[in-house]
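Chemist: Dropping the structure in here first, questions after.
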Amino acid sequence: MATLRVPEVDPSPTQDCEKLREAVQGLGTDEKAIIWILGHRNASQRRKIRETYQQLYNESLIDCLYSELSGDFRKAVILWSTDPPERDAKLANEALKAKKKGIKQLQVIVEIACASSPNHLQEVRQAYCSLFDCSLEEDIVSAVSPPLRKILVAVVSSYRYDKELVDMNIANSEAAKLHEAIKSKKLDHDDIIHILSTRNFHQLRATFACYEQNFGNSIDQDIKSCGKGDLESLLRVVIKCIEAPEKHFAEVIGAAVIGLGTDEDSLTRAIVTRAEIDTMKIRGEYFNTYKTNLDGAVIGDTSGDYKDFLMTLLGAKI
C-alpha cells in the first residue's frame with residue numbers, strides 16, 4: 001500500500017549518479033532532477049546510488065546534497081536518501097536529545113518500535129550503536145524519566161515473532177489482564193508492559209478486539225478515561241501504532257498541517273518514513289478522520305521544491 005512510484009525497468013545506478021552529479025555541478029542546482037531521480041527510487045535502489053556515487057566521485061552523496069540544498073526540502077531529501085535503519089536511528093537520537101521531551105518527541109521512538117517490522121527495529125538498534133557509541137536503551141534510560149522510560153525501554157528491546165500467529169485463549173486471557181490493570185489505573189503495571197512488548201502484532205490486535213468485545217469499550221477509550229497525562233498519552237500511541245499505524249500517521253499529519261502554521265518536521269517524517277509502506281492507507285484514514293483530502297492538505301501547507309518532493313513520494317506526477 002505504498003505510494004512510491006518506481007520505474008518498471010530497474011534504472012542504472014551509474015546513469016542516476018551521472019544525472020545527479022550534473023544537477024549539483026556548476027552554478028545553481030537542478031532541484032527538479034534531484035526530485036525526479038531520488039523521488040522515484042526505492043530503498044534498495046537508493047542504496048546502490050549512494051554506493052555508486054561514492055565509487056565514481058569519491059564523495060558522499062548525502063554530504064553533497066546537504067551542501068547544495070537548504071531548508072525543509074534539504075531535510076526531506078536527506079532523510080529519504082539515508083538508509084532507513086540509519087535514518088530512524090538518527091530520528092530517535094534527535095528525539096532523545098531534544099530539550100523538551102514530550103509525547104510529540106517520544107512518539108518517534110514508539111513509531112520505530114511498534115509501527116515497524118521486528119527486523120527493522122533490530123537494524124535500527126544496531127545502527128544506533130554504530131552511530132552514537134551507545135545503545136538506544138541506554139539513551140532512553142538517561143534521557144527519559146519513569147514511568148515513560150519503562151514503556152519505551154520495553155518496546156525497543158523486544159524482538160517479536162514476525163508471522164501471523166494468534167491464540168484466542170491467550171487473547172481473551174490477556175485482554176482480562178489489561179482490563180484489570182487499566183481499571184485500577186496502574187498503567188505501568190508489569191502485565192501491561194509485558195503484553196505490549198512481547199506479543200506479535202497479530203496476537204495483540206486479537207487481544208485488543210477481545211478487550212472491546214468482552215468489556216464494552218476499546219482499550220484506547222479506557223486508557224483515555226484514566227486521564228490526560230503523558231503516561232496515558234504514550235500508552236495510547238503504543239496501542240495505535242500496533243493496532244493501526246495508518247491511523248496514527250494520519251493523525252500525525254493532521255496535527256502537522258491543521259491550524260496555524262505547519263510542523264514540517266512531523267509532516268516530513270510521516271511521509272518519508274511511510275512512503276514505501278502504507279501511505280495509501282494513511283491517505284484513506286486521513287480522509288475518514290478529517291473529511292478532506294491528504295494531498296490537498298499537503299499542497300495547501302507546503303510550497304516549492306519541498307511540496308513537489310513530498311507530493312512525488314505520495315505518488316503525484318510532478
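A Cβ is built for glycine as well, from the same backbone N, Cα and C atoms used for every other residue.
All annotation found in TrEMBL is predicted automatically rather than curated by experts.
Residues annotated as Ca(2+) binding site in TrEMBL: G26, G28, E68, G261, D301, T302.
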Chemist: Test of understanding: give the count of other CB atoms lying within 10 angstroms of the CB of E68 (Ca(2+) binding site).
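Modeler: There are 18 of them.
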Chemist: Would you mind checking how many other C-beta atoms are within 10 angstroms of the C-beta on D301 (Ca(2+) binding site)?
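Modeler: Around the Cβ of D301 (Ca(2+) binding site), 18 other Cβ atoms lie within 10 Å.
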Chemist: Just to be sure I understand the packing, how many Cβ atoms besides its own are within 10 Å of the Cβ of G26 (Ca(2+) binding site)?
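Modeler: So the Cβ neighbour count for G26 (Ca(2+) binding site) comes to 8.
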